[in-house]
Amino acid sequence: METRGRRPAALQHQQDQPQAHPGQRAARSAPLHRDPDYADEDPAPVERHDPGPSGRAPTTAVQRKPPQPAKRGDMLDRDAVEHVTELWDRLELLGQTLKSMPTADGLKPLKNFASLQELLSLGGERLLAHLVRENMQVRDMLNEVAPLLRDDGSCSSLNYQLQPVIGVIYGPTGCGKSQLLRNLLSSQLISPTPETVFFIAPQVDMIPPSELKAWEMQICEGNYAPGPDGTIIPQSGTLRPRFVKMAYDDLILEHNYDVSDPRNIFAQAAARGPIAIIMDECMENLGGHKGVSKFFHAFPSKLHDKFPKCTGYTVLVVLHNMNPRRDMAGNIANLKIQSKMHLISPRMHPSQLNRFVNTYTKGLPLAISLLLKDIFRHHAQRSCYDWIIYNTTPQHEALQWCYLHPRDGLMPMYLNIQSHLYHVLEKIHRTLNDRDRWSRAYRARKTPK
């Protein structure tokens, strides 16, 4: 008969287990990861706070460490150092160029690091990370314009897909304006290639025969491009573009304004393909009472609507003065407003160049505007027939200002990137100024009075 309340007999070889405290957990088994040579059979329990009589562990049983900053490895990896080095080379070149300008006295001096090593050592993590992002943005800007350029970095076209092409050529006598006009057509910088070229002068007899032959040869040259295996490929729908010389008085005849008139010589040519109108030595005629501004804004759209084959309309006007006083009919003023391109000879009078640059560089920093004026001054001292071109509606912002060199071709000036780099120089200047101000304040506070 079993006795109530008696504990059952313990099993053989079983040790008595002490009764656990109600507020304590059961004893844990030995940890999994232990050194086998120094494994303790009965490791001591981890020291902890007494849970107290309530049996609940306090909320602050395990003391938490204060938040620690994340461990950082090297401040800059290899790619970041490459970005900073590449950007530093550009910044150093721009800074030296600005300091060497004759007009550098009017610019605010910018503080900068003495060398690349000083920048990498003392720049600080925040500034260096900012420079890395800025150089990545510069690379993106260069990659965006790369499809519009040839392999040598020159522009493949002056207008690309822009239509109509209304351009003004500014230059004094003897600067090569006539040669520039022929080169634009022969080098296929105007697209599409015109099939008919109208050369308009005050009088037909004043055009020398040698110049007429040069026009005929160069527009024929511009109609072909080299092909494979020594072949040539026509660039238009004709094998020989037409060259038509006209007097200015024939241009302003009434029937030449009406595209539906069968006597309109421009409509007849537009029915066959693209056309180009060249006005040379006509500045005095344009300043007269007869208005011809229709050729700059209304006439192109009418030709495009009526003649689908006329896929290109180009008007290039030569002016000897950037601001002529005589403009009774407003032709020159309307021409400047409608013009998409301004081709400027660096040999123009400096006062006229400065006025033009001040007008069309409102969005650029003052330093870049002065740099552009210095570029004009530099090319004016050379004997080459260089031209600087301003495009009001460029295919890309980097192509807004270009220069045309007889050997290098049409090269973009990248003034947008130069402006971006100048803003980076200003950022470095502000950072160094802040550090100097903080250092002065710290020394003033620590210096005993």
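Each residue, glycine too, has its Cβ placed from N, Cα and C.
Here Swiss-Prot gives region 'DNA-binding' for one range in the set 100-109, 390-399, 440-449: that range is 440-449. Taking the Cβ of Cys175 (ATP binding site) as reference, residues of its chain lying under 8 Å away and at least six apart in sequence are, in sequence order, Ser345, Arg347, Tyr385. Mapped onto three states, the DSSP output places Ser178 (ATP binding site) in helix. The ATP site is set by Gly171, Pro172, Thr173, Gly174, Cys175, Gly176, Lys177, Ser178; from the centre of their CB atoms, other residues of the chain with a CB within 8 Å are Ser345, Arg347.
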